[in-house]
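Notes follow the structure.
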Amino acid sequence: MILTSESVTEGHPDKLCDQISDAILDGVICKDKNARAGIETIAGNGVVHVFGEVSNPDSVDIPGIIRKTILDIGYTSEDAGIDGNTCSIQESITSQSKEIADAVNFSLEYRNQQGDLGRNSFSQQGSGDQGSVFGYACRETPEMMPLPITIAHKLAYSLAFVRKEKILPYLLPDGKSQVTLGYDSANRPKTLETVVISAQHEDSVDLDKLRFDILERVVRPVISATGLDCSKATFLINPAGRFVTGGPSADSGLTGRKIVVDTYGCAAKHGGGALSGKDPSKLDRFASYMARWVAKHVVAADFAESIEVQISYAIGKAHPVAFNIDTHGTSTIALDKLKCAILKVFDFRPAAVIDSLDLKRPIYQKTAAYGHFGRDIFTWERICPDKLNALLGAV
């Protein structure tokens, strides 16, 4: 089996937009932890346009947040792709629809007087939308992430690191990585097949020097730690040639266009909804994190070598309408028994998820580059001993 996954640097135009959307979201949550927001960003040709819905749009300095985000990434000149100091900023922010707000605030169960409906009941809040999400975990890395996307993220992060630390001072913010691995008959990663790096750079740098420097300073340190067989690997560094014009001046950016980069690469399914710019009442956010949290606990309990968790919701309903798991033939117990144990131990109602994972905090800009999963700075990446013991006991 061959598996390929890609990542992008924080200066990629789409990732720039993800970070702007989530930086604004963090600012909104700082002012009101119960705020509702759905923020989209477009960037291109020296213009940044943010639009969407926010429950308290006047509470934050949106232009100031946008400029700081752009500058912190490293876009300080139009020659690099955009200048955070001088770019044009346009806003089209409105309040959330009352109908949507009511559906979230007063669930179908609450309106029909079903279930536990006491004060502050988790059944009162409904899902902010319909849809399905997928969570995944496996034994390929200590982080329980697929190895191809893990390596791709490390390469992309390393590109930004050597740029910011001026180890390779001629690099500019835009960049991408891609990793192809070969798997053995037991579906374990075995060989490194191909690495692709595309790095934006200043016009003055020699292309051969750039290729050598990136191979030695970025690629080899990351790859050497994997233990993969690299004897037949192909390394393609800036295979298209020079990459001087980059960032939003070369390709327009848009929030939500790197959803596979954000999750598990090509190793798992994706429900199609983007995460960035959305407050935790949105199912693409709370349910995606919950699905990952559950998947990690199943693998940590040694009930499966890998698992994909699917959760589906209806707008305005607190309880999921469907739940499914796939252990790819690696489960150590019957799937029906495992599924029942998961549903017994974990509460999938939106308010319960938000409470369990402490999601009403300004944590979201950090998620918007180098993956939402695989980093233990996030609550959904941490194994809860009580939940793990309960899961073990439930089977």
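Numbering starts at 1 and runs along the chain as displayed.
Placement of Cβ uses the backbone N, Cα and C atoms for every residue, glycine included.
Sequence-distant contacts (6 or more apart, same chain, Cβ under 8 Å) of ARG242 (ATP binding site) comprise HIS201, ASP203, LEU207. According to Swiss-Prot, the ATP binding site annotation covers HIS12, ASP174, GLY175, LYS176, ARG242, PHE243, ASP251, ARG257, LYS258, ALA274, LYS278, on the basis of sequence analysis.
Annotation source Swiss-Prot lists Mg(2+) binding site at ASP14. Long-range Cβ proximity for ASP14 (Mg(2+) binding site), meaning a same-chain Cβ under 8 A and a gap of 6 or more residues, is found for VAL8, GLY253, LEU254, THR255, GLY256, ARG257, LYS258.
GLU40 (K(+) binding site) is surrounded by 20 other CB atoms, counting those within 10 A of its CB over all protein chains shown. According to Swiss-Prot, the feature K(+) binding site maps to GLU40.
Taken from Swiss-Prot, the feature L-methionine binding site covers GLU53, GLN96, ASP251, LYS282, and the record attributes it to sequence analysis. Secondary structure from DSSP puts GLN96 (L-methionine binding site) in coil.
Under the heading region 'Flexible loop', Swiss-Prot lists 96-106. Sequence-distant contacts of the region 'Flexible loop' (96-106) (same chain, six or more residues past either end, CB-CB distance under 8 Å): 36-38, 53-55, 124-128, 281, 315-316, 350.
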Report summary line: Counting across all protein chains, other CB atoms within 10 angstroms of the CB of LYS282 (L-methionine binding site) number 23
Query raised in the report: How far apart, in Å, are the two Cα atoms that lie farthest from each other among GLU53, GLN96, ASP251, LYS282, the residues recorded as binding L-methionine?
Result: 30
Query raised in the report: Across all chains shown, how many C-beta atoms besides its own are within 10 angstroms of the C-beta of GLU53 (L-methionine binding site)?
Result: 18
Requested in this report: Mind checking which of HIS12, LYS258, LYS278 has the fewest other CB atoms within 10 A of its CB? They're the binding-site residues.
Outcome: LYS258
Query - Distance in Å spanning the most remote Cα pair of HIS12, ASP174, GLY175, LYS176, ARG242, PHE243, ASP251, ARG257, LYS258, ALA274, LYS278, given for ATP - result: 36
Report summary line: One finds that other Cβ atoms within 10 Å of the Cβ of ASP251 (ATP binding site) number exactly 16
